[in-house]
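These features come from TrEMBL:
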- B:28-47: transmembrane segment (TRANSMEM)
- B:53-71: transmembrane segment (TRANSMEM)
- B:109-128: transmembrane segment (TRANSMEM)
- B:134-151: transmembrane segment (TRANSMEM)
- B:163-184: transmembrane segment (TRANSMEM)
Number of protein chains: 2
Amino acid sequence: MEVGAFFSSLKNCFKSITRIGTDDPRRVLHSLKVATALTLLSIIYWGRAVYGITRLVMSVMTVVGVFEFSVGGTLCKSVNRICATLIGGALGVAEQHLATALVEIEETVLLLILVFILGAITTFFRFFPKIKAIYDSGVVIFMTTFLLVAFSKHGVEKIFERLLTILIGIITCTLISIFIWPVWAGEDLHILLASNIETLANCLIGFEVNYFDNQIRDKSVLQGYETVLKSEATEESLTNLARWEPAHGFFRPRHPWNQYKKIGAFIKKCASKIESLHDYLNPEIPISSEFKFKIKKPCSRIITELYKALKVISSSTEIMVHPSAAKRHIEKAKAAAEELNFFLETVSLEEAKFLSIIPVGTVAFILEEITQLVEKIYQSIAELSELAEFKNVGEVTVSPEKPHVS
Amino acid sequence: MEVGAFFSSLKNCFKSITRIGTDDPRRVLHSLKVATALTLLSIIYWGRAVYGITRLVMSVMTVVGVFEFSVGGTLCKSVNRICATLIGGALGVAEQHLATALVEIEETVLLLILVFILGAITTFFRFFPKIKAIYDSGVVIFMTTFLLVAFSKHGVEKIFERLLTILIGIITCTLISIFIWPVWAGEDLHILLASNIETLANCLIGFEVNYFDNQIRDKSVLQGYETVLKSEATEESLTNLARWEPAHGFFRPRHPWNQYKKIGAFIKKCASKIESLHDYLNPEIPISSEFKFKIKKPCSRIITELYKALKVISSSTEIMVHPSAAKRHIEKAKAAAEELNFFLETVSLEEAKFLSIIPVGTVAFILEEITQLVEKIYQSIAELSELAEFKNVGEVTVSPEKPHVS
């Protein structure tokens with residue numbers, strides 16, 4: 001039995017390994033890239049007695065600490081590491097100059113006081129969320145460089161040697177990161193945005209099929225809004241990293257990365273509205289079928305048009321074309337929402353029970369709010385496409401069929 | 001002018017420093033603790049030529065890498081660092097044994113292949129979210145130990161020396177972390193939970209005052225639900241760290257940390273329902289004041305009772321007493337919800353416009369859902385208090401006055 005349990009847990013482990021790899025095969029490539037950098041540096045320092053093992057270890061530390069998944073991450077960490085080395089080295093040299101006027105015991109006290117003060121300050125600064133995210137590994141480098149220079153009385157040439165080792169490590173990482181299967185944070189952010197918009201479209205149409213047609217659909221599609229809501233942290237870190245990246249492909253210098261935050265905020269709001277919609281799929285909530293049937297037509301029209309609009313926005317974002325083709329779908333959705341509003345204002349309610357009408361009315365109400373949000377998403381993407389000078393030609397259309405029909 | 005701008009940015013910088021410090025003064029203490037550990041280790045290795053500067057640098061790396069804010073964090077990182085050193089060292093020794101049978105060029109090739117394979121594997125494993133969170137810094141230690149042992153033909157005694165240096169660093173950190181102003185992740189988690197429940201209570205009563213009494217309240221209280229929704233990641237990491245901590249104060253060994261996740265999930269759901277409620281404070285939404293006046297009494301009763309229940313649950317959680325005193329408030333809230341339900345079922349709607357009634361009806365509907373969720377929060381906290389053997393005696397009561405009245 002125990003052998004069986006061992007094999008099943010081994011199987012699970014293997015499964016999660018393959019899932020991590022197949023979810024994004026670039027992860028495997030990244031691992032190979034890091035391994036290549038490590039091996040290259042091992043070859044460089046191999047057998048060179050003058051550099052010795054400490055240089056190799058320092059290079060390995062540089063690679064492991066600097067080589068991030070995206071180009072932006074690698075560049076950000078590299079700059080941070082160079083700065084930490086320079087500042088630590090400079091402080092160490094300053095301490096040496098200060099110490100020349102002191103006797104040994106005085107210098108010891110001075111050094112210990114400096115260690116205490118610098119230790120306290122660097123630790124305290126890690127509590128700043130922004131510094132924590134970017135400069136964390138720099139603290140180690142800063143402190144060790146300072147200590148090496150101050151304690152062991154390294155001269156300026158030793159500091160340059162140390163800097164050179166780190167630079168060789170960083171250059172190796174940067175070159176491999178940029179030129180061998182590069183992973184651009186900016187591109188990932190752009191694609192994430194487009195795919196989030198598509199997910200919203202699918203969730204909306206999934207809700208319609210489920211609510212108005214009583215068909216049960218794939219739950220993973222239905223709950224896509226959760227993925228969208230959870231992607232906030234990823235989006236933020238990608239935006240921060242994208243700023244570090246040089247122009248590449250369609251992304252020119254000074255690409256308006258700030259606009260992505262604005263669009264992302266509207267997408268999040270829309271996703272949380274869709275989440276509220278999906279709450280009303282709960283079969284325990286009393287629903288007046290009669291009233292639902294009455295509002296089905298305008299609601300379906302709103303959803304279908306919003307679906308088309310979101311699909312067009314998503315695909316035109318993806319290929320970097322102005323989303324103007326979505327405009328008429330949004331207009332149609334707004335017209336349908338007006339119609340629904342008019343119906344709700346004039347409907348007579350004498351025959352139905354209020355308790356079972358509220359939830360249906362709320363669904364209609366939320367759909368109207370979603371219409372407004374989709375228009376805001378459209379406007380912010382249109383702004384982006386103007387700022388980033390997307391192509392204006394060519395219309396992106398979407399097949400009028402719903403994906404679940406096929 | 002430029003001098004003025006410089007001084008204002010300096011002032012801002014100073015402000016945010018004091019804010020980080022005053023938000024949680026333990027941060028300042030933590031910085032001083034880390035600085036103390038660094039200074040102590042500097043004194044230990046000071047002038048000992050036999051250990052030399054590399055030992056000092058390794059200790060500093062250990063302190064900076066291991067000394068976390070909470071005791072749990074420090075212990076987790078310490079164990080991880082020791083394991084990484086042991087595994088790296090063992091692999092290095094194994095390589096040495098393998099290499100005895102090889103000529104030099106063969107050994108070089110073997111080593112480079114091993115560097116490549118280990119580099120690729122360790123990098124790949126960082127993509128597992130769980131490993132990333134806990135074992136990240138261990139990767140550097142593992143690789144450098146392996147390389148030091150394998151490349152420089154360190155014997156077993158050298159490895160033990162390295163391990164000893166790391167151990168001295170870790171013991172210093174752990175002792176300072178546990179015995180000088182300790183910060184327990186478990187305690188923080190417990191207090192966070194209690195304060196989140198209190199925030200929900202304040203948000204609810206804030207909504208009532210705003211919606212039914214048309215008074216505008218402090219916006220920071222109103223939007224407390226955002227803080228609660230955002231605390232998910234903090235909660236998760238605190239739960240993971242709390243498991244590492246030894247028994248302390250009221251927290252016995254095998255404290256049911258898993259239960260906190262369950263409670264947290266209900267709190268999150270409740271917060272997101274309160275978020276939906278607050279959407280209806282938007283003045284652009286048409287509201288039938290007449291209908292609102294009709295449901296005001298039962299809704300206010302629900303909210304007041306839920307407020308009291310949440311306050312009692314929060315304060316009894318904080319002092320680790322069974323929340324049984326909240327039971328009757330929940331029963332009263334449920335009775336009021338029944339009453340509201342009956343009213344909604346029997347209300348006549350002929351005179352009012354449906355469009356302005358839906359939003360009000362939805363508010364009533366969401367309040368009923370919140371009542372159910374508060375009961376679930378109560379039940380899960382009651383479960384926790386049984387699992388963790390909270391005191392059963394003594395009733396926690398809450399003053400019947402609303403806080404905003406005072």
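Using the three backbone atoms N, Cα and C, a Cβ is placed for every residue, glycine included.
Listed stretches B:28-47, B:109-128, B:134-151, B:163-184 were compared with the transmembrane segment (B:53-71); the greatest number of C-beta pairs under 8 angstroms is found for B:163-184. Ranked by number of Cβ pairs under 8 Å to the transmembrane segment (B:28-47), the listed stretches B:109-128, B:134-151, B:163-184 are led by B:163-184. Packing against the transmembrane segment (B:109-128) from elsewhere in the chain are residues 91, 95, 98-99, 102, 135-136, 139, 142-143, 146-147, 150-151: each is 6 or more residues past its ends and has a CB under 8 Å from a CB in it.
If one looks beyond the transmembrane segment (B:134-151) by at least 6 residues along the same chain, the residues whose Cβ comes under 8 Å of a Cβ in the stretch are 65, 76-77, 80-81, 83-85, 87-89, 91-93, 95-96, 111, 114-115, 118-119, 122-123, 125-126, 158-159, 162, 240.
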